[in-house]
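The structure under discussion appears below in the form of structure tokens.
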Amino acid sequence: MALAGSDSMEEGKGETFLLKAIKIGGVVVLYWFISITMVFLNNYLLDSKDLDAPLFVTFYQCLVTVGLCYGMHLLSHLCPGVIDFPSVKFDLKVCREVLPLSIVFIGMITFNNLCLKHVGVAFYTVGRSLSTVFNVLLSYVILKQTTSFYAILCCGIILGGFWLGVDQEGVAGSLSWTGVFFGVLASACVSLNAIFTKRVMPAVDGNIWKLSFYNNINACVLFLPLILVFGEVGHLVHFSRLGDPTFWGMMTLGGVFGFAIGYVTGLQIKFTSPLTHNVSGTAKACAQTVIAVVYNQSSKSFLWWTSNLMVLGGSSAYTWVKGMEMKKVHIPQEESKVKLLGEKSDAGV
């Protein structure tokens, strides 16, 4: 955790039920606010008609994350009793060890943003819904891990909801096959990201903040040639708001929210549980979809809403099934956190 002082188990013993409930409610609300705001903010930045440079937007957000990690590192030395953050001194050897994950990471965040750019916030939940399915598939192919019948059944519900959602977007005339394609790629990368994260964690002493620091440093370097190859430099040169402080403020805010989601995710898990966190994430996705439809004053069919409910219901059921399976085999709490988060990553979501 970036902020010290919530060694919660012992402190919580003397708290009343009401105080605990208020704390948990506050953390969940904070998670929802930051996560939903980040999605809408990214949609605003990526949907700009004047600037068609999604790689640059993503690069800048990674750069902000690196700066914030280093800033928190400095603050932890200045205020050791208030800020608890690991040392993040640059080490080329660690960068090389984290590089395979970083390649997957830039694919994940790039395809995620491209999906959001093309499908919008309302269809984003469905468009990016296959990460659980890919997790089951890739865990079997790469890690040789089998999955229970009930978990596969949940994946079948998610797949059904995905195809129904695609069909209904097509009926409404708002389907972007490009957005769907990027959504499928983003989902695959989310699953690969979870698998590679487990492999490289020893290189950063098992610390998620160190991993974020090195991952984003690598991403910044890898994005530079991609920005050149895809011709985004030309778009930036001719962008009329390049000197506008408001534009850079929104860009920086997007990076800050990207950094903050990592903190509030950990905070929500600490105050609840990995299972509750994933249920909260599913409910948040539902609220996010409703807000987007109301905000855009869209009219959606019954089957369109059914597709969303299938995706969200299948995801929630999968989380519950995996949670029950982990309890049966007595997987330690820390390992269960990694497994559940890996199987339903919010890119983040």
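Numbers run from 1 along the shown chain.
Using the three backbone atoms N, Cα and C, a Cβ is placed for every residue, glycine included.
Of the listed segments 123-143, 291-311, TrEMBL assigns transmembrane segment to 123-143.
As a whole-number mean, the pLDDT of the domain 'Sugar phosphate transporter' (23-294) in this prediction is 88.
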